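Novice: Dropping a structure here in structure tokens format, bear with me for questions.
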Amino acid sequence: MLDFNGTNANSTRNNTTCFDILDDGECKNEDDVRTYLATYIIPEWYEWIVITVYILTFIIGITGNILVCFAVWRNHQMRTVTNMFIVNLSVADLGIILICLPPTLLVDVTETWFMGLVICKLVYFLMTVSISVSVLTLAAIAVERWYAICRPLAFKSTRRRARIIIFVIWLVSASVALPDIIFLRLKRFERVPENVSDLLMSCQPGLGQEQQTAYQIALIVLLYLLPMICICVAYIQISHVLWKGDIPGDGDSRSVTQPMMDTRRMNVANEQLASRRKAAKMLITVVLAFAVCYFPVHLLNISRYAGVLKYIAVDGIRAYSYVAHWLPYLNSSSNPIIYNFMSAKFRKEFKMACICCCGPPEKGKQGFTFTSATHYISPNNVGTEQTSLTTMK
């Protein structure tokens with residue numbers, strides 16, 4: 001492992017420039033340095049494991065999030081306000097995986113940035129935008145669900161309003177990410193001689209340590225701690241209402257003691273309550289996954305700029321960095337898996353998408369599918385239960 005914390009020790013012997021990039025007293029000329037650096041960035045055996053894990057994460061994440069968007073697009077009954085936010089979350093996850101995962105893997109393995117300043121600014125800008133959109137979308141879902149369940153008469157959730165909120169989320173996220181465009185610079189590692197090699201460059205903010213530490217703290221507070229606190233408070237109240245079974249606005253409509261309520265209406269009300277509980281469990285799981293996966297990378301960033309990492313062994317930092325950098329991508333690829341296991345509607349649409357991709361039905365088994373919908377309406381929500389009927393010849 002190279003140590004880039006020392007000073008550049010260059011000397012001249014017999015009119016030949018020498019570079020002591022390893023701080024071992026050994027003189028290396030320009031050709032030796034180029035050869036050494038080109039060899040250094042070649043992946044080690046354990047880094048091939050990291051590459052394999054990233055590739056699998058990339059494939060699963062792209063496939064899963066495209067399926068989420070396809071499911072909502074295909075099934076008009078799934079175009080609810082909550083699902084609009086879920087699609088927005090999937091779009092942000094696609095951005096994280098498509099735009100941010102490849103450069104992150106490249107930098108982790110080669111320990112250098114050789115894609116230039118423009119790509120440096122663009123990638124980190126889009127990374128901050130996508131992460132901001134993710135956390136703000138989760139917060140928007142929590143607030144929307146809180147109003148729909150805890151204050152149904154105080155706020156009417158509509159798709160038009162959801163579109164406006166989504167637009168504002170992207171606008172705010174772009175504003176938060178502007179410092180990446182303004183302050184990011186390319187920095188050469190100290191022991192690498194200038195004009196000898198473009199390898200072992202880093203893409204870093206051109207700020208002082210105190211300024212960068214303050215900026216990282218602000219990002220953690222605004223894009224992690226505060227949203228997580230608001231989300232937790234919202235879901236605690238939502239859970240209390242749903243599992244208590246007394247939703248505001250419904251009055252005593254679910255009371256089994258009312259003789260006026262017939263059995264059918266009671267069954268519909270109970271099914272709706274059970275459906276809301278399942279949806280709440282799924283959304284809470286998504287939030288918990290986000291909180292767990294993003295905590296290590298926030299801790300790593302604040303430790304780096306606070307100067308804590310210099311007291312930790314290099315191998316330990318490297319291992320922790322691999323895991324911390326990979327977890328956000330795991331989060332982006334795991335959300336569709338959560339939807340599949342915890343939502344019957346998403347699971348059904350995912351299966352239909354897979355059937356469509358596998359080609360037409362086998363010969364002699366041609367048929368067609370009807371889709372019927374049973375609507376249920378309450379003072380605070382309109383929902384649809386969908387049933388698929390397949391007629392075979």
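First residue shown is number 1, and so on along the chain.
Glycine is treated like the rest: Cβ placed from N, Cα and C.
Per TrEMBL, domain 'G-protein coupled receptors family 1 profile' is recorded for 64-339. If you look up TrEMBL, you'll see 48-73, 85-107, 113-143, 164-184, 214-236, 282-302, 322-342 marked as transmembrane segment.
Help me understand the surroundings of these features in the structure.
Specialist: Nonlocal intrachain contacts for the transmembrane segment (85-107), taken as residues 6+ away from its ends with a CB within less than 8 angstroms of a stretch CB, comprise 50-51, 54, 57-58, 61-62, 65-66, 68-69, 72, 113, 115, 119, 123, 126-127, 129-131, 133-134, 137-138, 140-141, 144, 162, 166, 169, 203, 286, 325, 328-329, 331-333, 335-336, 339.
With a threshold of 8 Å between CB atoms, the same-chain residues lying at least 6 positions outside the transmembrane segment (164-184) that come near it are 84-85, 88, 117, 120-121, 124-130, 132-133, 136-137, 140, 203-207, 215, 219, 222-223.
Remote same-chain residues near the transmembrane segment (214-236) are listed as 128, 131-132, 135-136, 138-139, 142-143, 145-146, 176, 179, 205, 207, 280, 283-284, 287, 291, 294-295, 298, 301-302, 305 (criterion: CB distance under 8 Å, separation of at least six residues from the stretch ends).
Within the chain carrying the transmembrane segment (282-302), a Cβ under 8 angstroms from the stretch's Cβ atoms is held by residues 82, 89, 131, 134-135, 138, 141-142, 145, 213, 216-217, 219-220, 224, 228, 231-232, 235, 239, 320-321, 323-325, 327-328, 330-331, 334-335, 338-339, 342-343, all 6 or more beyond its ends.
Residues 50, 53-54, 57-58, 60-61, 63-65, 67-68, 86, 89-90, 92-94, 96-97, 100-101, 104, 108, 131, 134, 278, 281-282, 285-286, 289-290, 292-294, 296-297, 299-300, 350 of the same chain lie 6 or more positions beyond the ends of the transmembrane segment (322-342) yet place their CB under 8 Å from a CB of it.
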Novice: Same-chain Cβ contacts of the transmembrane segment (48-73) under 8 Å, 6 or more residues past its ends?
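Specialist: Long-range Cβ neighbours of the transmembrane segment (48-73): 79, 83-84, 86-87, 90-91, 93-94, 97-98, 101-102, 105, 108-109, 322, 326, 329-330, 332-333, 335-337, 339-340, 345-346, 349-350, 353.
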